[in-house]
Amino acid sequence: MVTKEQLKEKLKLYVILDRKLGNGVPLRQQAQLAIAGGATAIQLRDKEMKGRDYYQAALVIKDVCKENNVLFIVNDRLDVALAAEADGVHLGQEDLPLHAAKKLAPPGFIIGISAVNVEQAKLAEKGGADYLGVGDVFGTASKPDAKLTGVDMLKMICQSTSLPCVAIGGINVNNAKIVLDAGAIGIAVISAVVSQKDITGAAKALRELIP
């Protein structure tokens with residue numbers, strides 16, 4: 001079971017794997033290369049993968065993360081996260097409600113919640129979430145239709161909660177410092193790492209920006 005301070009350390013560079021944005025690099029290799037560059041957390045995210053395939057992929061990524069003492073989070077699917085013995089799950093506002101997930105989750109299981117405003121952040125904290133994913137901050141290729149949260153709202157959310165806030169959405173080496181200065185304890189990225197030719201180098205460049 002990780003403490004809140006340990007969790008903050010584990011959430012500093014949160015890399016989300018993506019089959020489509022990974023330029024043909026297998027998910028396992030994406031994880032290995034990102035971790036080699038300093039990723040502290042890995043999330044498996046796939047909106048199209050069937051349950052069985054998602055579970056099999058989760059087992060593979062869990063082993064990579066366990067070998068490297070890196071946090072492993074499954075996106076959306078609590079059933080897959082629990083079956084694969086992941087460290088936790090990340091739930092969006094339209095996914096399984098937090099209170100329902102808490103009933104099923106074992107002690108020490110990490111639950112992250114997406115938040116785009118202060119109200120959502122406060123509800124997540126009250127409901128027992130462990131961290132917040134805040135964004136879409138700058139706009140991103142993985143969610144082209146997402147409404148932008150912006151840096152000002154990110155700052156308001158970070159100030160409104162004691163939960164660790166991880167900024168997400170269009171974050172790269174050029175703007176990472178902006179979200180960290182706004183109060184985020186870490187950054188979550190997809191294309192800024194897994195879409196790059198040098199995944200390890202891209203992760204390393206970002207990790208060096210995070211205190």
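For all residues, glycine too, the Cβ spot is worked out from N, Cα and C.
Here Swiss-Prot flags GLN43, LEU44, ARG45, ASP46, LYS47, ASN75, SER114, LYS143 as 4-amino-2-methyl-5-(diphosphooxymethyl)pyrimidine binding site, drawing on sequence analysis. According to Swiss-Prot, the feature Mg(2+) binding site maps to ASP76, ASP95.
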Long-range Cβ environment of SER114 (4-amino-2-methyl-5-(diphosphooxymethyl)pyrimidine binding site), under 8 Å and at least 6 residues apart: HIS90, LEU91, GLY92, GLN93, GLN120, LEU132, GLY133, VAL134
Local Cβ density at LYS47 (4-amino-2-methyl-5-(diphosphooxymethyl)pyrimidine binding site) - other Cβ atoms counted within 10 Å: 9
Alpha-carbon distance [GLN43 (4-amino-2-methyl-5-(diphosphooxymethyl)pyrimidine binding site); ASP76 (Mg(2+) binding site)] in Å: 10
Neighbour count (Cβ, 10 Å) for LEU44 (4-amino-2-methyl-5-(diphosphooxymethyl)pyrimidine binding site): 29
Cβ-Cβ neighbours of GLN43 (4-amino-2-methyl-5-(diphosphooxymethyl)pyrimidine binding site) (radius 10 Å): 26
Rounded to the nearest Å - Cα separation of GLN43 (4-amino-2-methyl-5-(diphosphooxymethyl)pyrimidine binding site) and ASP95 (Mg(2+) binding site): 16
Site with most surrounding Cβ atoms, counting all protein chains shown within 10 Å, from the binding-site residues ASN75, ASP76: ASN75
Tertiary neighbours of ASP95 (Mg(2+) binding site) (same chain, Cβ under 8 Å, six or more apart): ASP76
All-chain count of other Cβ atoms within 10 Å of ARG45 (4-amino-2-methyl-5-(diphosphooxymethyl)pyrimidine binding site): 20
